[in-house]
Amino acid sequence: MSKEIKTQVVVLGAGPAGYSAAFRCADLGLETVIVERYSTLGGVCLNVGCIPSKALLHVAKVIEEAKHANKNGIYFSEPRIELDEVRAGKEAVVAKLTGGLAGMAKARKVTVVEGLATFTDSHTLVARDRDGNPTTVKFDNAIIAAGSRPVQLPFIPHEDPRIWDSTDALKLKEVPKKLLIMGGGIIGLEMGTVYNALGSEVEVVEMFDQVIPAADKDVVGIYTKQVEKKFKLMLETKVTAVEAKDDGIYVSMEGKACNDTKRYDAVLVAIGRVPNGKLIDAGKAGVEVDDRGFIHVDKQMRTNVPHIYAIGDIVGQPMLAHKGVHEGHVAAEVIAGQKHYFDPKVIPSIAYTEPEVAWVGKTEKECKQEGLNYEVAKFPWAASGRAIASECSEGMTKLIFDKDTHRVLGGAIVGSNGGELLGEIGLAIEMGCDAEDIALTIHAHPTLHESVGLAAEVFEGSITDLPNAKAKEKIISI
């Protein structure tokens with residue numbers, strides 16, 4: 001049975017970018033419809049991405065902490081892992097959050113349409129549910145938040161159930177004895193953390209000379225030193241062939257770490273994501289989509305068609321939920337007639353591994369590429385009382401300052417729960433703070449958070465928790 005809906009705004013996709021845009025539109029008094037292919041709101045992030053992976057990472061952390069509790073005189077027997085119960089726990093987390101979104105959509109009177117949507121013209125789209133039943137949506141304005149999907153390589157037999165993408169890995173159907181992860185990025189390393197804790201022998205193959213290539217090498221080096229105790233990293237090595245056989249998946253590699261064919265019980269392909277721009281017939285609405293599937297927008301998130309906007313993964317890197325949320329707010333407010341635009345100074349990035357690798361603002365490699373006059377200040381967690389007491393002293397807080405103005409350009413943290421410490425650094429960059437502003441802010445002791453203030457003291461030459469390389473310089477200047 002076909003239906004037709006007329007609305008002021010339709011949002012295509014209900015991930016963090018999409019539902020944030022829809023809810024903001026509704027809050028601003030706009031009649032809003034949201035179209036989503038999943039049976040629940042939340043998109044990839046809540047259903048098969050950010051949230052379920054964090055639930056499993058929490059399980060992994062509990063397992064690892066129990067293993068090492070004997071250092072403090074607490075002894076646990078070998079954990080008995082019931083996959084069905086672990087899976088149920090993960091799904092309960094997802095259900096709680098997606099259920100909350102459904103309640104908020106209802107409270108805001110946002111109409112939810114389930115189905116895959118495609119444009120038919122610049123003011124119409126059609127969403128088809130699982131049975132093929134169409135719902136036609138006539139709109140004044142549209143916000144495209146159609147997201148992205150995992151990259152698939154033509155030489156890999158992706159149809160084999162032992163070859164996974166990130167969605168498959170999160171299903172937790174089994175714990176393979178030997179798991180290869182193709183790609184040393186955030187998604188691959190997070191899932192490697194989970195499966196290693198659950199009992200898999202994990203190997204990671206990465207083309208670049210470091211994992212998490214976007215982060216600075218000194219930051220990643222601290223992570224690498226710890227993770228190599230758990231699973232094997234094969235850097236500067238590429239996969240040349242993948243063959244599925246009855247007794248396993250055979251992967252041929254060549255490069256610095258391996259020139260051989262190895263057998264695995266499962267392979268996780270985590271080499272990035274591609275935008276869904278070519279899957280929604282955007283061209284029928286007049287919206288331009290580039291060869292890669294991205295839709296280009298201006299600072300108000302407008303496409304080349306003035307009443308059609310795009311947000312989230314589909315508009316370009318970084319493909320991060322928190323970026324998409326802010327883009328969604330901008331699009332909604334512009335449609336409502338407000339003067340708003342998207343121009344953040346910083347977008348934080350976090351690998352929720354153990355330890356976490358997190359950074360915000362400019363990296364040191366970016367400063368070098370841009371020819372900036374900068375200075376780095378580092379505070380090692382080996383000098384942090386809280387880190388030592390919490391047995392996570394193999395970490396570091398790093399700040400990057402403009403050498404002339406002393407303003408904060410960027411920062412990175414590697415350590416347990418390091419991502420939780422990024423907020424102050426991001427705010428400092430947005431507000432134009434300098435090193436003195438941070439150093440003179442009293443940070444609670446003992447906390448991991450105080451490492452940010454102590455790194456600023458290193459730059460200022462006022463540090464007393466470490467040998468002060470600038471002490472003599474300061475005395476002379478007086």
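Cβ coordinates are placed from backbone N, Cα and C, and glycine is handled just like the others.
Summary of the site annotation: Swiss-Prot records FAD binding at E36, R37, Y38, S39, T40, L41, G42, G43, V44, C45, K54, A117, D313. Screening the candidates A60, A321 against this entry identifies A321 as the one listed for that site. Cross-referencing E159, E206, E327, E333 with the NAD(+) binding residues that Swiss-Prot gives (G183, G184, G185, I186, I187, V239, A270, I271, G272, R273) picks out E206. Taking only the Cα positions, the spacing between R273 (NAD(+) binding site) and D313 (FAD binding site) is 9 angstrom. If you measure from the Cα atom of T40 (FAD binding site) to that of C50 (disulfide bond), you get 15 Å. The Cα of Y38 (FAD binding site) lies closest to that of I187, out of the binding-site residues G183, G185, I187. Rounded to a whole number, the distance between the Cα atoms of G185 (NAD(+) binding site) and C45 (disulfide bond) is 17 Å. Sequence-distant contacts of H445 (active site, proton acceptor), defined as residues of its own chain at least six apart whose C-beta falls under 8 angstroms from its C-beta, comprise G385, R386.
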